[in-house]
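Novice: Pasting the feature list from TrEMBL:
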- 46-285: domain 'G-protein coupled receptors family 1 profile' (DOMAIN)
- 30-55: transmembrane segment (TRANSMEM)
- 67-87: transmembrane segment (TRANSMEM)
- 107-125: transmembrane segment (TRANSMEM)
- 146-164: transmembrane segment (TRANSMEM)
- 200-222: transmembrane segment (TRANSMEM)
Amino acid sequence: MDVDEGCIDILEAILARGINDVTSWGWVQAIFFLVYGTLMIMGLIGNGGVLFAVLNNRRLRSARNIFLLNLILADILLCLTAIPVTPWYGITKDWQFGSLMCRLMPLSNSCSVFVTSWSLTAIAIDKFIHIIDPTRASVSVRKATLLTLFIWLICSLINVPYLMSYELVDGSFYVNGNQTPFCGRFCDEINWHGDTPRQLYGSAVMLLQFVVPLTIITYCYSRILQKVASDMIVHNSQFCASLSIAQRLEASNRKKRVPHLRLIENCLTAVRQSTLYDHSVVLRL
């Protein structure tokens with residue numbers, strides 16, 4: 001094991017313990033930077049383009065698009081923080097972004113997940129109200145904006161413990177007594193004062209970021225599905241009589257496709273949220 005200037009290279013220490021660290025392989029590093037770089041560029045261009053279009057077209061400034069803008073801002077936040085920093089830190093094993101970024105990056109990751117979850121929930125509720133009770137007044141742009149600000153505020157407050165748990169430490173933190181420390185600096189959760197507070201907080205965040213939003217989204221789209229299925233034109237004798245056989249078959253087939261489309265949408269939402277959840281919460285448990 002190489003010792004340089006009174007410290008041990010952490011990668012050398014990992015390999016010395018018989019752990020095969022794939023992030024040290026050149027081709028794995030190339031794939032990491034290629035994938036993350038592509039995601040960052042596509043995310044910034046795609047989300048930036050939609051953001052520019054909505055902000056420059058008054059006709060697109062609807063309540064639902066306000067929630068969509070919330071999703072876009074959350075994605076851009078990830079593109080500017082987690083995506084460029086994660087592969088670099090994972091490969092170099094040395095935090096080179098300062099103590100402020102050590103706390104801001106985990107905070108931005110967790111906030112992005114929270115905002116994404118509840119923005120999707122707000123969109124589902126808006127659709128639910130619009131379809132189930134069309135006589136009810138739609139959510140105004142002003143209310144959507146206030147709700148968006150409220151989501152960000154609650155998100156920030158909930159993540160204060162997570163923010164305070166991170167701290168930038170040097171390699172001596174991980175060794176005992178007079179042992180040779182690791183080289184470099186590390187951004188780690190060290191301020192939980194035990195595993196129990198960390199696990200309780202992680203469980204609470206899991207409920208708020210994943211379980212509750214997904215439950216609401218599933219309920220809303222299930223009710224929407226029931227409403228759409230019961231109101232299909234093929235059930236209305238007045239209009240059905242005016243349709244040709246081909247039109248009736250097409251309407252019937254469309255009705256059959258609706259459950260599958262809603263099921264796919266809910267599954268994709270669950271996959272998206274669980275993926276983000278794994279990145280931001282599992283380490284707390």
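Each Cβ is built from the backbone N, Cα and C atoms, and glycine gets one as well.
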Novice: What stretch of 30-55, 67-87, 107-125, 146-164 shows the most Cβ pairs under 8 Å to the transmembrane segment (200-222)?
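Specialist: Comparing 30-55, 67-87, 107-125, 146-164 against the transmembrane segment (200-222), the winner is 107-125.
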Novice: Who are the chain neighbours of the transmembrane segment (146-164) in space, where the CB to CB distance is under 8 Å and they lie at least 6 residues beyond its ends?
Specialist: 66-67, 69-70, 103, 106-107, 110-111, 114-115, 118-119, 122, 139, 191, 201, 205, 208, 284
Novice: Let me know the model's mean pLDDT on the domain 'G-protein coupled receptors family 1 profile' (46-285).
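Specialist: Result for the domain 'G-protein coupled receptors family 1 profile' (46-285): average pLDDT 79.
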